[in-house]
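Below is one structure; the comments refer to it alone.
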Amino acid sequence: MIKRAALIGLGTMGPGIAARLSRGGLDVAAYDVSDVAVERASGMLDIAGAILDRLDIKAPASGAGTVRFVRTLAETVDGAELVIENVPENIDIKAETYRAIDPLIGSSVIVASDTSGIPITKLQAHISHPERLVGMHWSNPPHIIPMIEVIGGEKTAPETVATIRDLIRSIGLLPVVVKKDVPGFVENRVLYALLREALDLVERGVIEPEDLDTCVSWGIGYKVAVIGPMALLDMAGLDIYKSVSSFLNADLSNRDDVAPMVLEKTGLSKFGIKSGEGMFSYTPEQIKALQGERARKLVAVRRILEGQE
Ligand SMILES: NC(=O)C1=CN([C@@H]2O[C@H](COP(=O)(O)OP(=O)(O)OC[C@H]3O[C@@H](n4cnc5c(N)ncnc54)[C@H](O)[C@@H]3O)[C@@H](O)[C@H]2O)C=CC1
Ligand SMILES: Cc1ncc(C(=O)O)c(C(=O)O)c1O
């Protein structure tokens with residue numbers, strides 16, 4: 001079983017991934033090109049650790065599991081059996097990272113990408129042992145959401161997929177193996193179908209952004225956490241779905257470009273919480289309060305869904 005992991009990229013996802021892996025007993029060497037990101041990540045570890053405590057996720061009795069921040073790629077991958085690439089969602093940056101680690105790692109080391117949806121087959125063109133490259137797609141916030149997608153590309157060895165699936169399971173998380181390397185895999189195909197329609201409804205003035213969130217969170221979201229889409233079809237009745245989808249599907253958004261509202265906001269550097277403004281505006285105090293409140297609620301819901309409370 002894998003015991004030593006290297007984590008490259010400590011932005012939004014990195015600190016939570018490091019915290020969760022180390023709580024699972026892995027020794028993690030963590031690296032980022034940005035000193036600011038390393039500083040922030042080191043502060044986030046304690047916060048993530050406190051949330052893992054509230055989730056009652058215990059470290060192994062042996063006391064194994066550490067996070068060590070290191071300053072070079074060579075130190076990061078030294079002795080690692082698994083390298084998790086968690087750099088920005090840009091194929092050139094990811095390819096450059098694979099080229100940089102290639103001479104530093106042995107042929108038995110697994111390289112897992114946390115890409116949100118770049119096909120693994122495309123990434124495999126940039127590494128010399130493609131059979132050892134696999135998608136390991138965490139969901140944000142990664143120390144709280146237990147599901148991780150595992151995706152093999154055309155050249156990924158079945159044993160590589162099995163090793164990552166077993167590792168995820170062994171540390172108490174929920175692997176879902178995606179059988180075809182489609183863009184966006186499964187989670188983001190479903191999420192982006194929802195987001196495309198949601199943005200379209202707001203852009204067309206059908207609903208205010210706040211009301212859209214109330215509708216989805218308290219209508220669909222709350223329900224789907226308990227009853228997945230396939231089970232929901234059976235609950236509603238396939239006859240109902242047949243009738244509604246026969247007229248509704250043709251009216252749903254099918255735009256194949258980025259929504260104008262998103263282009264406009266990103267053009268003004270309005271990225272959301274990370275810049276203080278996006279769909280909504282946030283003061284630093286509100287961001288802190290929101291993050292705490294969301295973590296508390298996600299922990300409470302997860303404990304209920306797991307039957308712990
Ligand atoms: N943000 C999200 O909700 C999710 C993101 N992902 C995926 O995870 C990956 C990382 O995403 P985020 O954490 O959101 O990105 P981010 O942009 O917040 O962080 C990326 C980090 O990588 C660092 N970096 C850039 N080039 C580097 C290099 N050559 N070597 C080492 N570090 C480097 C940056 O300094 C930055 O700290 C992406 O592929 C993304 O699509 C997956 C699940 C959810
Ligand atoms: C907007 C958005 N995009 C991608 C992802 C991802 O899973 O890669 C997420 C997420 O919540 O994890 C997301 O919210």
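For all residues, glycine too, the Cβ spot is worked out from N, Cα and C.
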Pick from Lys270, Lys274, Lys288: which one does TrEMBL list with Gly9, Leu10, Gly11, Thr12, Met13, Gly14, Asp32, Glu89, Lys94, Ser116, Asn140 for the same NAD(+) site?
Lys274
Far apart in sequence but close in space: which same-chain residues, 6 or more away, have a Cβ under 8 Å from Asn140 (NAD(+) binding site)?
Thr12, Met13, Gly16
Whole-number Å distance separating the Cα atoms of Gly9 (NAD(+) binding site) and His137 (site 'Important for catalytic activity') is 14
Where DSSP helix means H, G or I and strand means E or B, what are the helix, strand and coil counts for the domain '3-hydroxyacyl-CoA dehydrogenase C-terminal' (184-282)?
66 helix, 3 strand, 30 coil
I want to check the contact list for Gly11 (NAD(+) binding site): same chain, sequence separation of six or more, C-beta distance under 8 angstroms. What comes out?
Asp32, Ala37, Asn86, Pro88
Is any of Gly9, Gly11, Met13, Lys94 (binding-site residues) within Cβ reach of ligand 2, i.e. under 6 A, and which?
none
Under 8 Å Cβ to Cβ from His137 (site 'Important for catalytic activity'), same chain, six or more residues apart: give me those in sequence order, or none if nothing qualifies.
Asp114, Thr115, Ser116, Gly117, Ile148, Glu149, Val150, Ile151, Phe185, Glu187, Asn188
